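Taken from TrEMBL, the feature Zn(2+) 1 binding site applies to C506, C509, C546, C549. Residues or ranges marked as Zn(2+) 2 binding site by TrEMBL: C515, C518, C533, C536. Here TrEMBL flags 277-443 as domain 'Helicase ATP-binding'. The feature domain 'Helicase C-terminal' is assigned by TrEMBL to 541-695.
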Amino acid sequence: MSLFAEVIVDVPTMQTDQPFTYIVPDELLDAIEVGMRVEVPFGEGNRHIQGFVTALSQTSTYEEKLKPIIRMLDLSPVLNQELLALADYMKETTYAFKITCLETMLPSVMKAEYQKKIILKDSSHPIKQYFSENGEMDWQEAEKLGLLNQLKKLRQEGIVELHYVVKKKNKVKKIRYVNSKVTQNNVEDIYQQIDKRALRQKQLVHLLKENTHQPTAFYTKQGVSSTVLKQGEKKGWLTFEEVEAYRDPHQGKVFKKTTALTLNEDQQHAVTSILTAEKKANSEVFLLEGITGSGKTEVYLQTISTVLAKGKTAIMLVPEIALTPQMVERFKSRLGDAVAVLHSGLSQGERYDEWRKIERGEAQVVVGARSAIFAPLENIGVIIVDEEHESSYKQDEAPRYHARDLAIWRGHYHHCPIVLGSATPSLESRARAQKNVYQLLLLRKRADPDANLPSIEIVDLKEEYERKNMSNFSELLQAKIAERLEKNEQSVLMLNRRGYSSFIMCRDCGYVLPCPNCDISLTLHMDTKTMRCHYCGHEERIPQHCPECGSKKIRYYGTGTQKVQEELQELFPAARILRMDVDTTRRKGAHEQILQKFAAQEADILLGTQMIAKGLDYPNITLVGVLNADTALNLPDFRSSERTFQLLTQVAGRAGRAKKAGEVVIQSFNPDHHAIVLAQRQDYETFYEQEMFLRHQSGYSPYYFTVKITCSHQEEQVAAKKMFQIAQVIKSGLSPQSIVLGPTPAAIARVKNRYQYQMVIKYKKEPALSQMLKQILNHSQKDQRKGVYVAIDNEPVNFI
Ligand SMILES: Nc1ncnc2c1ncn2[C@@H]1O[C@H](COP(=O)(O)OP(=O)(O)OP(=O)(O)O)[C@@H](O)[C@H]1O
Ligand SMILES: [Zn+2]
């Protein structure tokens, strides 16, 4: 009997975007499965490349010229039937290649360079003879010995495991004390040799004698600087050693068990509705619209608890949990070890370990950011998308999927309900609820019976300037901060960075330092004392003279969080201020540390960027200040009002969540803008109506669908020419009701040395469009070799 495998190969081009048939060699007949990765020869030169097996069959139409699979790369399928089908759906809706979709679903460590090791779990098994003393075997070794078939079975029996080890990553430096040089007897001699003032070195020798082989941080925490450590190495008292780190991101952390709260009427209604759908195996979509602090999280927790008790699993998506460690804590505290956590704040290795827990069925709840929607769970009972309006759910590179859409797809597959939660739902979702496509569930008041929504005041910055207050803090805000300090209550202050950054300009000639690769100015970063490009990462020193005219009058413009912090400290010398922005949170775990300090009330004021707008639930916050509400309002994006309204409502919602009443001060240059006025009233309903009216008039989502096409090339004419060609094809194929915007240069005309041209199609009904777009992608293959890239973004969330 012969067996044939359909393989999607790792060559992302249109010609190869289909399965290729390979012969399964005899030695793999029993082992191979759909969803495994294999190595196959490809093309004229029989290059060895990786591929995914998507089907197996006993017959093939072109038996003669087929090549055999070289080897298998997994012991068990890495993608199940559901995820393979999801890849097909993604490919159809995002205009991406199938291989790109398949690879996106796996943790990055499985795509990156890694070593594969087989680990022996049961050392009494005779297979032991092939393993090293520490119970490991290299994958290549196993392959050479022809053991893979046997190991596959042993893996199913739990006798061996397969681990991916990232090369060179996840290492911590530990220090080993070199005993030979220092013994109990000669410590005193050594002390004699040490310079009398070098107390730190003495301390180090002592520390090392008691505690050898600790991470460097252990010593630095006790006051030994890294210079002293290096001297120690020089003198031969210690050596540095790289050790593989243990990869539990929450290692050593104790989560205090919590129990379910008594739900209020609205919450109870929400939980019951969702669970009824679950019981009926009904894949209904619920829009849980609950004001800030209304206890949406409690609804999620109790729904998931019930689902788990029935032996099912759950996915809970959050925008970016690195920013909201409190969310992880709430889930772990309630649901314990059933929870796996996936987000970008983890190292590759940690993420892979969490993924493995899910795959082996050891974790039943996945809490994670966008890509957690690919969690290999079986038997899903509910899928929740918290803060469903967040644009981070859309991936901005291929495949350009929206996690909310994939959540709904998986819900249908598992016949389970999907819950979209938000205090400020996206207009798209709310419009669907209006039409009863989704079922609307409302939480109308704050969950804590003693809490109320905060009162919000708006300060007109124009008036403030007329009164010659050039400070970042209006008189009103200053007075309110002072009050809080007096009462020992906490304040949260937000500097809105969207559409806004600090740059340097020459006062004599007006020259602004640009990025050499992109058409945008460089941003000042005070922590590293450098100028940086946020698009390509280019970095250079802050110039002393103007590169254009040589003048020394270089000045900083725009307000960095650090500058604001200095000003704040001057105004309130006694205030304890914490700052949270990209500069203070670069280090792993830094977010969490800052928030822990704030939670423990070791600070009076938390000053930060948008990062602080979400999730914080601390009872002692009674004041929220927004320093500049409107920087994003003028961005050339039809969603800028919606985003501003959402952000202001979110951040205002951090105040007064428990007994103590909350107040909010919003400083703005556009106090009459509807996004700001309605955020002040916390009136989502009116905002929804007004904004829907505007969208209807200007022909945008949710009344129209949109597709964005971008062409880029190193030469501007080439990118433009290609874009105009495509526009012509599209225009000739569209119905007269549809609208084409552009082609125009993109808002940032050049990024990473590539010029970008774009066009946007707005349409209500275009049955032929999908086919047209696929053809455009198809034709663009030829151009790709000439360096012209064409990208199609279906329902873009980003127009800049
Ligand atoms: N039924 C309840 N009774 C008393 N307190 C509750 C109840 N439900 C939730 N809470 C408390 O109310 C506070 C706010 O709840 P939660 O953080 O879940 O709100 P949320 O709707 O997710 O808010 P946001 O969207 O602003 O983040 C929490 O401290 C929570 O413990
Ligand atoms: Zn750049």
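Positions of Cβ are set from backbone N, Cα and C atoms, glycine also.
Because TrEMBL annotations are produced automatically, they should be read as predictions rather than curated entries.
If you average pLDDT over the domain 'Helicase C-terminal' (541-695) in this model, you get 89.
According to its DSSP assignment, C506 (Zn(2+) 1 binding site) is in a strand. Summarising the environment of C509 (Zn(2+) 1 binding site), the number of other Cβ atoms within 10 Å of its Cβ, over all protein chains shown, is 12.
Apart from C506, C509, C546, C549, the Zn(2+) 1 site neighbourhood in this chain, defined by C-beta within 8 angstroms of the site C-beta centre, holds R507, D508, G510, Y511, P547, E548, G550, S551, K553, I554. Taking the centre of the Cβ atoms of C515, C518, C533, C536 as the Zn(2+) 2 site, the nearby residues of that chain (Cβ within 8 Å, site residues left out) are P516, N517, I520, L522, H534, Y535, G537, H538, V751, K752.
Comparing the binding-site residues C515, C518 on other C-beta atoms within 10 angstroms of each C-beta gives the minimum for C518. A separation of roughly 15 Å, to the nearest angstrom, links the Cα atoms of C515 (Zn(2+) 2 binding site) and C546 (Zn(2+) 1 binding site).
The binding-site residues C536, C546, C549 differ in how many other CB atoms lie within 10 Å of their CB, and the one with the most is C546. Filtering C509, C518, C533, C536, C549 by Cβ distance to ligand 1 (under 6 A) retains none of these binding-site residues. The two recorded residues, C536 (Zn(2+) 2 binding site) and C506 (Zn(2+) 1 binding site), have Cα atoms 24 Å apart.
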